[in-house]
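**Q** What follows is a single structure, and I will ask about it in a moment.
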Amino acid sequence: MEIFYYLIFGCLSLVVAALEFSKTTKDRINTSSAFNSFKNNYLVVYSLMMAGDWLQGPYVYFLYSQYGFDKGDIGRLFIAGFGSSMLFGTIVGSLADKQGRKRACVTYCITYILSCFTKHSPLYKVLMLGRILGGIATSLLFSAFESWLVAEHNKRGFDQQWLSLTFSKAIFLGNGLIAIVSGLFANVLADTLGFGPVAPFDAAACFLAIGVVIILSSWSENYGDPSESKDLLTQFKGAAVAIASDEKIALLGAIQSLFEGSMYTFVFLWTPALSPNDEEIPHGFIFATFMLASMLGSSVASRLMARASLKVESYMQIVFVLSSFSLMLPVVTIFLAQPSKEKGGSISFAGSIQLFGFCTFEACVGIFWPSIMKMRSQYIPEEARSTIMNFFRIPLNIFVCIVLYNVNAFPITVMFGMCSIFLFMAAILQRRLMVVAESYKSKPQDWTPMTMRERNSEAEPLNI
């Protein structure tokens, strides 16, 4: 493997280490021992949950191909996963507000374990069932755990600023360190030890089972709106009213969909972008480098959010513009370097430039996650938190399904250009969100968050 890859990985490692070990009192938040115990418990559970998710990533496509399915069959399996997340996941995830967030987290573990078990079957229908279960689990992973954390944090009376510390650490560990270790561990199980591509899925099921035990033994239950008189349709209507009647929530949902839609598109496009002529690139090592860049971003985010005077709504505008520019590089490099027509070989000069840009984008992803979590905790009403968060994922899943279905219909530069435009739109909407939030803060009587009942009474009825 070329020294070029080691150089990037080494430089990122040094920067991350320097950021973590050079933190001063200004970069740290003074907390209590009770909060630290609560935070560490959540971080252990969240890391186990993310390990269960990351272990599956490197080998899911390879496993399907080993069972003899072609690109079209595999594409339909992936579309089924995102479609399931949009349809069934929205319903199941929304039930967390009514039935309990702890129960929803346990449901995530059980659902994902069952999804892992289906990977032992070469039957297409069984694998399709596994993708549907995995889609439901994904919706729960990205809504139930955060909803439980915010509610429990507030219920225990911890300082609101401390929540940002938990968010940044969760992303640093779960979306950074755990992702790297999981990728390496999956490689050891499947290739080094020779257990085959199903082994990482079995390991994922084990980690999820350990997480279930910790959740059941140490977490208390919390709810959004446990009212027995409110059925699911009424709950959906209330969430829709909240989004329609509060511009801040609507803007936040649009920003999240634009960024995450671009992010998931990038996941499918980075490999053909770096090796358009079948250049030999170390996919696993590049993936680990991306995750290291994400760790760098989360470390930067923890410093930014530790400063009470610096608002998330402000610095995220810069992050979105930077991410937009980084995904425009595949388009720009066409004019900077003449594309080679030779097959094979090492990464091209254009590919090297794009790799720097992609690492920059992953660093922006590392900043995005804890920052969007912080904004969601501020603007989304507690009683419908899971429901609204799953509503946000509907346009995201539609967008990804469309991209997957048409991935071969457009040149890769067009796809990256589209993502770049979406990210720039996110920056504009983020600016608008900051203006709206500031205007509410200047009117204290309007800044107090309204409950769902107050929103429903003030908003015009919606025909849903």
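Every residue gets a Cβ built from N, Cα and C, even glycine.
TrEMBL labels come from automatic prediction, so no person has curated them.
TrEMBL lists these features:
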type	residues	note
TRANSMEM	6-22	transmembrane segment
TRANSMEM	43-62	transmembrane segment
TRANSMEM	74-96	transmembrane segment
TRANSMEM	129-150	transmembrane segment
TRANSMEM	170-189	transmembrane segment
TRANSMEM	201-219	transmembrane segment
TRANSMEM	285-306	transmembrane segment
TRANSMEM	318-337	transmembrane segment
TRANSMEM	349-369	transmembrane segment
TRANSMEM	390-406	transmembrane segment
TRANSMEM	412-429	transmembrane segment
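Set these features in their place in the structure for me.
**A** Away from its own ends, the transmembrane segment (43-62) comes close to residues 74, 105, 108-109, 112, 116, 119, 138, 141, 145, 166, 169-170, 173-175, 178-179, 181-183, 185-187, 190, 197, 200-201, 203-205, 207-208, 210-211, 214-215, 219, 284, 287 of its chain (Cβ-Cβ under 8 Å, at least six residues beyond either end).
Sequence-distant contacts of the transmembrane segment (129-150) (same chain, at least 6 residues past either end, Cβ-Cβ under 8 Å): 42, 45-46, 49, 53, 77-78, 80-86, 88-90, 92-93, 96-97, 101-102, 104-105, 107-108, 111-112, 114-119, 163, 166, 219, 222, 224, 373, 376-377, 382, 385-386, 389-390, 393.
With a cut-off of 8 Å between Cβ atoms, the residues of this chain six or more beyond the transmembrane segment (201-219) that come close are 41, 44-45, 48-49, 51-53, 55-56, 59, 63, 102, 105-106, 109-110, 112-113, 116-117, 119, 148, 152, 185-186, 189.
Sequence-remote contacts of a segment are chain residues at least 6 beyond its ends whose Cβ falls under 8 Å from one of its Cβ atoms, and for the transmembrane segment (285-306) they are 1, 5, 8-9, 12-13, 15-16, 19-20, 23, 26-29, 58, 161, 164-165, 167-169, 171-172, 175-177, 179-180, 183-184, 270, 274, 312, 315, 355, 358-360, 362-371, 374.
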**Q** Checking distant contacts: for the transmembrane segment (170-189), what same-chain residues at least six beyond its ends satisfy Cβ-Cβ under 8 A?
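**A** Sequence-remote neighbours of the transmembrane segment (170-189) are 42-43, 46-47, 49-51, 54-55, 57-59, 195, 199-200, 203, 284, 287-288, 291-292, 294-295, 298-299, 301-302, 365-366, 369-370.
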**Q** Should anything in the same chain at least six residues away from the transmembrane segment (349-369) have a Cβ under 8 Å from its Cβ atoms, list it; otherwise answer none.
**A** 4, 8, 12, 167, 171-172, 175-176, 259, 263, 266, 270, 273-276, 279, 281, 286, 289-291, 293-301, 304, 316, 319-320, 322-323, 325-327, 329-330, 333-334, 336-337, 339
**Q** Grab the same-chain neighbours of the transmembrane segment (412-429) for me: Cβ-Cβ under 8 Å, and only residues 6 or more beyond its ends, written as numbers and ranges.
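**A** Sequence-remote neighbours of the transmembrane segment (412-429) are 251, 254-255, 258-259, 261-262, 265-266, 269, 272-273, 276, 317, 320-321, 323-325, 327-331, 334, 403.
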